[in-house]
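Database features, via TrEMBL:
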| type | residues | note |
| --- | --- | --- |
| SIGNAL | 1-22 | signal peptide |
| DOMAIN | 38-356 | domain 'Glycoside hydrolase 35 catalytic' |
| ACT_SITE | Glu185 | active site, proton donor |
| ACT_SITE | Glu265 | active site, nucleophile |
| DOMAIN | 429-540 | domain 'Beta-galactosidase 1-like first all-beta' |
| DOMAIN | 566-624 | domain 'Beta-galactosidase galactose-binding' |
Amino acid sequence: PARMGLPALALLLAARLLHTQASPPARSFQLDYEHNCFRKDGAPFRYISGSIHYARVPRPAWRDRLLKMYMSGLSTVQVYVPWNYHETLPGVYDFTGNRDVEAFLDLTAELGLLVILRPGPYICAEWEMGGLPAWLLWKADIILRTSDPAYLAAVDSWLHILLPKIKPRLYQQGGNIISVQVENEYGSYYACDYGYLRHLLGTFRALLGDEVLLFTTDSAQVEELRCGTLQGLYATVDFGPGSNVTEAFGAQRRMEPKGPLVNSEYYTGWLDYWGEAHTSTSAAWVARGLEDMLQLGASINMQVSPFLQLTSLPWPGADYKDQYKPVTTSYDYDAPLSEAGDPTEKLFAIRTVISKFQPLPAGPMPPATPKYAYGWVALRKVSAYPEGCTAPAWHCSTAQLSSLSLQYADLLDVLDVLCPSGPIQSLFPLTFEALKQTHGFVVYHTQLPWDVPDPATLGAPPHSICDRGYVMLQKEYQGTLERDGQTTLHVTGRAGDTVDMLLENMGRISFGANTSDFKGLLGNISLNSRPLSNWLIYPLAIDTAVQQGWPHAALPKSSSGGRVGPAFYTGTFETPGIAWDTFVKFPGWSKGLLWINGFNLGRYWTRRGPQQTLFVPGSVLHVGSPNNITVLELEGAPPTPLLLFLDRPLYNRTLGCSTTATE
């Protein structure tokens, strides 16, 4: 340049100026501590976000749910990534179909939504074990969510698979992910291991870079914020309507004296536990709390859209609050968007509040998805209805009855199908984890060692039935033993009589003092305090068998009525030329699981409630060919086994509506 003539130098400077003007400014999403806000591309920014769980939403419905969230006025969605949903066994990964998180994230970008990503490794989300894989417990002495080397090795291996998929989608890289949460509500966990948080921070930085905004979320309790936060991770809080907004954000200010106010989980509803009343939160209360926070300039993520669990395995978790509290199959949550994706009164109340602070997208809110009450489906030959009543839905009105022959199989009669590898012999019972069984059911089989002419006590030590044990003597159902419930039965019999116990995993603890929730028989079963021994143990692969077409190919028995104890029931029905969403009710049934066309639609428990129906997305139904129904009833089917397909859900035996709060 020193020898360059003036005309040539002028041309060079002009070319550089034109290049600078043509280059787009660097994309950025940062904290502004001076003005207490976020800055997006240099401009002040506040997000209004809603949570959506792609793992709980059927993939064909992803676009519909996201579009409804966008039309509600949300600029952002918050997305959990459940580790155990993707790494089903050590080193075995699944990112296909409903598990294609990259496709889901790309769809959010296509629709103009920003993303707050919550990749864990622990996420809670009322999901089995908080998203941690059950196979971690195959090492019985592992200490989860700590600096335990075995745990960290598994975490690092997973993050080195997941986070490289995330990095190209970061906002700074041209994507739409503006921030990433590290762990989740760690302050509520007993360990308070800062070394663990520092390790995660280092791993996230190494794999995602130094520019992405990393943050933590904890309740507004001082002690939880103390253990859940770390320098280098921006501390946010979570709380629901009815909380003192000033006090809650004051707790955040003790950790972050400057920077944006953030509620990362504003609870617009709450979860349901089996055996408790269906929860609901008023729309007015939710809207009032939202407006109070927006007036303070806060950024907010709402639990807007937790949806259906539609997977090939039962994923609901459990809480531990002085006792084990399993979460219902439905994750409807009394959310602004229902389990079926329907806008509710609460959603429109939220939309009205948002409109006071920022413009809403032009256009109408997409409508509720169509529902259809397919009516009664019989899992037996039906001849007891009034003459001429060919459509006996409620009061023989509108729906079509499918009159089918009931077929059933006692579970103990088909162990060769459900456990093709055969049983494992053990002197004493083994846990699910020792058997490398992550979900579902295990049968424990032995024999009475002596004659029992008078009633003797068959029982287990406290807290050793995890979680429910269905007891059969000579294949006859005797009753159920339960975690934190009944743990003894009285039995009689002769030496050599068979004793079988079907153990059910009701969901590993996702929130509580300890997520190391081992399943199965954790202690010895005894008869009058003398331990039983010499067990044959059958880990069952029921989902695999049903997905491969069993039991519709062949069942060994037919019957005109229901059975007592664990048994399978099958039937088929055809839709009237449409495949719309529907809800299945189980009149007179006790507790069990439902599959339609091989899809595990989850657990029903009509005797305990509050959930009385299971949601069936239209995307799992066939048009023009039979739909195969399989039911595993665990305690006792009704004398006339019928299912009723409705166009709305039921809770607490009361009809719920899709456009108003549950009645």
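Backbone N, Cα and C atoms are what each Cβ position is placed from, and that goes for glycine too.
Rounded to a whole value, the Cα-Cα separation of the residue listed as 'active site, nucleophile' and Glu185 (active site, proton donor) is 11 Å. The C-beta environment of the residue listed as 'active site, proton donor', restricted to residues of the same chain at least 6 apart in sequence and closer than 8 Å, consists of Cys124, Thr217, Asp218, Ser219, Glu224, Gly228, Asp238, Phe511.
With helix defined as DSSP H, G or I and strand as E or B, the domain 'Beta-galactosidase galactose-binding' (566-624) counts 3 helix, 28 strand, 28 coil. Here the Cβ of Glu265 (active site, nucleophile) has 23 other Cβ atoms within 10 Å, regardless of which shown protein chain they belong to.
With DSSP classes pooled into helix, strand and coil, the tally for the domain 'Beta-galactosidase 1-like first all-beta' (429-540) is 0 helix, 58 strand, 54 coil. Averaged across the domain 'Glycoside hydrolase 35 catalytic' (38-356), pLDDT for the predicted model comes to 94.
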